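Let me begin by presenting the structure, written as structure tokens, before commenting on it.
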Amino acid sequence: MLTVLLAIGMLVLLSLVFGAILGYANVRFHVEGDPIVDQIDALLPQTQCGQCGHPGCRPYAEAIANGEAINHCPPGGQSTIQALADLLDVEAVPLDGDHGTETAKRVAVIREDECIGCTKCIQACPVDAILGAAKQMHTVIADECTGCDLCVEPCPVDCIDMVEVGVTAKTWSWDKPQGIAATSLNIIATDRQAEVVH
Amino acid sequence: MQTASIFSFHGGIHPAENKAQSLQLPLGRPSLPSELILPLGQHIGQSSRPLVKVGDSVLKGDAIAINNGFLSSFLHAPTSGTVSAIEERLIAHPSGLSDLCIILTPDGKDTWTTLEPLNNWQDISKTDVLAYLSEMGIIGMGGAGFPTQVKLQGAHKNPLTHFIINAAECEPYITADDMLIREKTLELVLGIEILQHLVEAENVVIGIEDNKPTAIAALKTVLTQRNSNIQVAVVPTKYPSGGEKQLIQLLTGKEVPSGQYPADIGILCQNVGTCVAVHDAIKLGRPLISRFTTLTGDALNASQNVEVLLGTPISHLLDYADANPNALHRLIMGGPMMGYTIDSPLVPIVKTSNCILAASKKELPTPAPEQACIRCGMCEQACPASLLPQQLLWFSKSQEFEKAEHHNLFDCIECGACSYVCPSSIPLVQYYRHTKSSIREAREANVKSDLAKQRFEARKARQDAEAAEKEAKRLARQKAAPSKTTDAKKATPAKAAPAVAEPASDDSKKLKVDIAIGKSKLKKLQKQLLEAQEKEHVEDINSLQLQVSDQEKTVASLEAQLANVAQAAPAAEATPAPANDELKKAKIDVALIGVKLKKLQKQLDESPDDQELKDKVAGFEADLKAAQAILATLGASAPVASAPKAAANDDLKKLKIDAAIAKAAVKKVEKALKKAEEINAPEIDAIRQQLQDAQQRADELEKALANPEAATQTAETTTAKAESVADSANADAAKKRKIDLAIAKAGIKKAEKNIQLLKDQGKDESEINASEWPKKLIEAQEKLATLESEQPTPATAKTETKAVPAEAQAAADMDLATQIKKEKIAVALAKAQINKLNKRLENSPEDTNSIRQEIDAAEKRLQSAEALLEKLIHSQTNMQENR
Ligand code: SF4
Ligand code: SF4
Ligand code: SF4
Ligand code: SF4
């Protein structure tokens, strides 16, 4: 009987000691985890266009963290949805067409001789990508423009165009090979190779 | 000359060499083609910037494009001739895309420009030599086309143990370097010596495969003759021993760590072609304008090496090498392992083109279809970079980019050895290339989105800070209001006394600031008072009234001082200007609203069921009407004559101001009285009398104020009375009028500013009209008009007349300028409208007629606006000429 009690007593003591150590370690070596909103925000394209129905990407990140669907961001497109799905461990769904469709990358271009210098576009641009002053000609810094479209509507003389950024030799990238199914009807590839080996 | 020790590297393959074909004929020199196509992006990094225009004639060796940033290069004319175009042309690139090229039409004379060799290269600084090399357009001619001077600069990071000259040329078919060594042995050695002078490495080694005995022999002869300490390392033939990292491993036994460059471990590699180009540039002054290229493949009857001018179209070379178009199956730029297929023979030779392979179908059959990976591990055994190709394939297929990177995907040199050995004919390299470019794209997108985020957040922070600052200022003002008043009260007697004695000695600027602050406080208090009165908060009303009158006094006294100090200031303002501005603003408003309306109507046309849109349109129509109404009123005459809806509230305010002025007068007289008492002046009685009068008037006003309903009728009489009282008082009448004028003007300004503010906040016209400001504006203008119509006192008159001539001219100028601007805007708007209408016309063919009519109307408007604009500009120039 005594042995049993002793054993129980010892175990209780040990568990208390370890519990205390673990508790201390938890406080002492606490690691500040990346809050989920930051992680989601990092995956969003930061176009700040508001097509998702939120005033910018971060608010949408917060909304996603609170359970909104992950397929409301057209500029991010399917790849962003995939990344979000991976992060949140949910099913990747197709882009919600109500919020717009995925378009090729574009930048705004101001037809400068038509600009009346009203500064309305400057006020609309979420990333300060437009340069100009009252009654002066305005222009877009193409490298900073996210192609969000927000400056087009406010322009009273409609002199802003969204221009597609085409692929150049420097930005071109290799296609993915078609894979097995697409190319092959011959099961045994070497059969055909045998004919042409020289 | 010494022999170097040889190590080995992992993997590698032994494909059929096929080098003999192109070595049977001696070096060829093709004729001049009919045009040379010189892409501006022949190297890694930024494309060069053209130095020539279309139509310019250039001599052979003239620079035609300049480097564009750090990682960029010069470009030179390969022959003399004229620049016939600078345009997009197909370039030699796996994408088959076009890029900007300078097109040179040779004149056939091939005249060299004056060549200036760098004879003193041993004496001048190495940086200057590097800059010279950059100006000669020298880039690495073996692989990616890395600007040589950048690579040499990078080599200075660490002391160099090895300077390796890459003559391995391991890829099948290619013999250009072999031929170059045979033809230009001495130039090569001299070039190496120059480079060695620049980098000062401990060992200089030429790495060459043992399948080039002739070249090796030639090299050895020259080196022995020159008694050079350059070593020749003959390496066994194995693909890809010519890979930079592989050759380093072969010659030094050292491995370049993943993600690092050879320079990081004290090694520099240069291609033989580059060494010869360096020699030509420094010793002969010749820029890089030609290169050795192998023309080979079964489809050519005369396979050979050629020394070819850059920019020569490949079709020209195919003709030269007697190509058999029927046999030609695939045209490859580079070798069969690392090269890429080009779709068109029109692409030009560039600085990095070492081989054109015109392969027959038998030679390079279409790749067999891809089969599933059988995990045989042959790719791993072949990989010279010791990677795990099948793992990489797996990650590439499933787009697991992180894992692919983790397995050192970026160490893959895309040599194709794995694809070559794969029994399942999987195009492994293509998978890796795709994955690499996807990762790169994602990285770039990340950089961009980070930047966008930064900018977005910076903007938000700025906006928040601005808002917070405004708020803080507001709070501070609110807080400071009571204490400031007492301060001011304390300060006023002290200031007022000298102001009377010596009027010009005060700091008028400070006063103005004080006045502005005081006035805005006053406005706020008055507003609060009004609110309190509306809500019948009795206690509030009393305390607020107290504060208001205090504040009014402060302002009045400050203004009195200011008037003393700067007599000319208040009257000098040109009154028509604000009115004109108003007019202009109103007109623009009308135009803008019109455009908006049109936009909405267009939308409505497209979706007629949208109730929201309809509402919006209706709203805008109302706005438009309102704006037009304003325009009409403003247009009638600058200071508007009638404001029928001046509410009792506004009268009340006027009354209050009058009361405050009266009170101020009382205060002043009291003060004067005190002073008089102090010095026992004889006028005491007269002043007492004045005090009584003033007090009476103040009481009267107070009464009127307490009884707002009666205010409307009494206001006029009281004002008159107050004025007469004030006149009779010691206060200077002219001063007072000036103050009134200033107040009225400030009122106008303020109202305008507030209206503008509302507009800036995006309120539309109806909201602005709903606010009190337009009314106030009109009221203030009215007051100003009355004040001005009253007989101005001599002082005011004098200043005003003085100000007039200069100002009238300036005002006229301003007028014209603003009118011109306005017309310009009108023209722009009309144009935009026409554009829009035209667009609409395209979209909706049904109501063509109505749209046509609109377009006609808009065009008429445009014409008249343009005509007016012309007239205005004309008169402006006239005016300027007359002056
Ligand atoms: S739609 Fe996408 S890019 Fe646009 S604001 Fe929303 S999250 Fe940002
Ligand atoms: S310039 Fe226009 S399209 Fe570009 S980021 Fe600014 S608002 Fe968006
Ligand atoms: S292509 Fe890349 S993975 Fe394949 S063998 Fe060459 S280095 Fe290795
Ligand atoms: S060689 Fe081809 S089949 Fe063999 S393991 Fe590599 S990828 Fe798979």
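From the backbone N, Cα and C atoms, a Cβ is placed for every residue, glycine too.
What TrEMBL says about this one:
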- A:Cys49, A:Cys52, A:Cys57, A:Cys73: [4Fe-4S] cluster 1 binding site (BINDING)
- A:Cys115, A:Cys118, A:Cys121, A:Cys155: [4Fe-4S] cluster 2 binding site (BINDING)
- A:Cys125, A:Cys145, A:Cys148, A:Cys151: [4Fe-4S] cluster 3 binding site (BINDING)
- A:32-90: domain '4Fe-4S' (DOMAIN)
- A:106-135: domain '4Fe-4S ferredoxin-type' (DOMAIN)
- A:136-165: domain '4Fe-4S ferredoxin-type' (DOMAIN)
- A:1-26: region 'Hydrophobic' (REGION)
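Recorded features from TrEMBL, shown on the structure.
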residue	record	Cβ within 10 Å
A:Cys49	[4Fe-4S] cluster 1 binding site	20
A:Cys52	[4Fe-4S] cluster 1 binding site	26
A:Cys57	[4Fe-4S] cluster 1 binding site	28
A:Cys73	[4Fe-4S] cluster 1 binding site	28
A:Cys115	[4Fe-4S] cluster 2 binding site	20
A:Cys118	[4Fe-4S] cluster 2 binding site	19
A:Cys125	[4Fe-4S] cluster 3 binding site	25
A:Cys148	[4Fe-4S] cluster 3 binding site	25
A:Cys151	[4Fe-4S] cluster 3 binding site	23
A:Cys155	[4Fe-4S] cluster 2 binding site	21
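If you compare Cα positions, A:Cys118 ([4Fe-4S] cluster 2 binding site) sits closest to A:Cys125 out of the binding-site residues A:Cys52, A:Cys73, A:Cys125, A:Cys148.
A:Cys151 ([4Fe-4S] cluster 3 binding site) sits 19 Å from A:Cys73 ([4Fe-4S] cluster 1 binding site), taking the C-alpha atoms as the reference points. The binding-site residues close to A:Cys125 ([4Fe-4S] cluster 3 binding site), defined as a CA atom within 10 A of its CA, are A:Cys49 out of A:Cys49, A:Cys52, A:Cys57, A:Cys73, A:Cys115, A:Cys155.
In the predicted model, the region 'Hydrophobic' (A:1-26) has a mean pLDDT of 93. If you take the Cα of A:Cys155 ([4Fe-4S] cluster 2 binding site) and the Cα of A:Cys148 ([4Fe-4S] cluster 3 binding site), they are about 14 angstrom apart, rounded to a whole number. In this structure, A:Cys57 ([4Fe-4S] cluster 1 binding site) is part of a helix by DSSP. Listed in sequence order, the residues of the same chain lying 6 or more apart from A:Cys121 ([4Fe-4S] cluster 2 binding site) and placing their CB within less than 8 Å of its CB are A:Ile110, A:Ile130, A:Gly132, A:His138, A:Cys151, A:Pro154, A:Cys155, A:Ile160.
One way to see the shell of the [4Fe-4S] cluster 2 site is to take the Cβ centroid of A:Cys115, A:Cys118, A:Cys121, A:Cys155; the remaining same-chain residues with a Cβ within 8 Å of it are A:Ile110, A:Ile116, A:Gly117, A:Thr119, A:Lys120, A:Gly132, A:His138, A:Cys151, A:Pro154, A:Pro156, A:Val157, A:Cys159, A:Ile160.
Comparing the Cα of A:Cys57 ([4Fe-4S] cluster 1 binding site) with the Cα of every entry in A:Cys115, A:Cys145, A:Cys148, these being the binding-site residues, the smallest distance points to A:Cys148. A Cα-Cα distance of 5 Å separates A:Cys148 ([4Fe-4S] cluster 3 binding site) from A:Cys49 ([4Fe-4S] cluster 1 binding site). In the domain '4Fe-4S ferredoxin-type' (A:106-135), the DSSP tally of helix, strand and coil residues is 8 helix, 7 strand, 15 coil. According to DSSP, the domain '4Fe-4S ferredoxin-type' (A:136-165) comprises 0 helix, 7 strand, 23 coil. Of the chain residues outside the [4Fe-4S] cluster 1 site list A:Cys49, A:Cys52, A:Cys57, A:Cys73, A:Leu44, A:Pro45, A:Thr47, A:Gln48, A:Gly50, A:Gln51, A:His54, A:Gly56, A:Tyr60, A:His72, A:Pro74, A:Pro75, A:Gly76 have their Cβ within 8 Å of the site's Cβ mean position. Among the binding-site residues A:Cys57, A:Cys125, A:Cys145, A:Cys148, A:Cys151, the residues whose Cβ sits under 6 Å from any atom of ligand 2 are A:Cys125, A:Cys145, A:Cys148, A:Cys151. Sorting the region 'Hydrophobic' (A:1-26) by DSSP state (H, G, I as helix; E, B as strand; all else coil) yields 25 helix, 0 strand, 1 coil. Listed in sequence order, the residues of the same chain lying 6 or more apart from A:Cys145 ([4Fe-4S] cluster 3 binding site) and placing their CB within less than 8 Å of its CB are A:Val107, A:Ala108, A:Val127, A:Ala129. Taking a Cβ cut-off of under 6 Å from any atom of ligand 1, the binding-site residues A:Cys49, A:Cys115, A:Cys121, A:Cys125, A:Cys148, A:Cys151 reduce to A:Cys49. Under the three-state DSSP scheme, A:Cys49 ([4Fe-4S] cluster 1 binding site) falls in the coil class. Using a Cβ-Cβ cut-off under 8 Å and counting only residues 6 or more beyond its ends in the same chain, the domain '4Fe-4S ferredoxin-type' (A:136-165) has close neighbours at 45-50, 75, 104-130.
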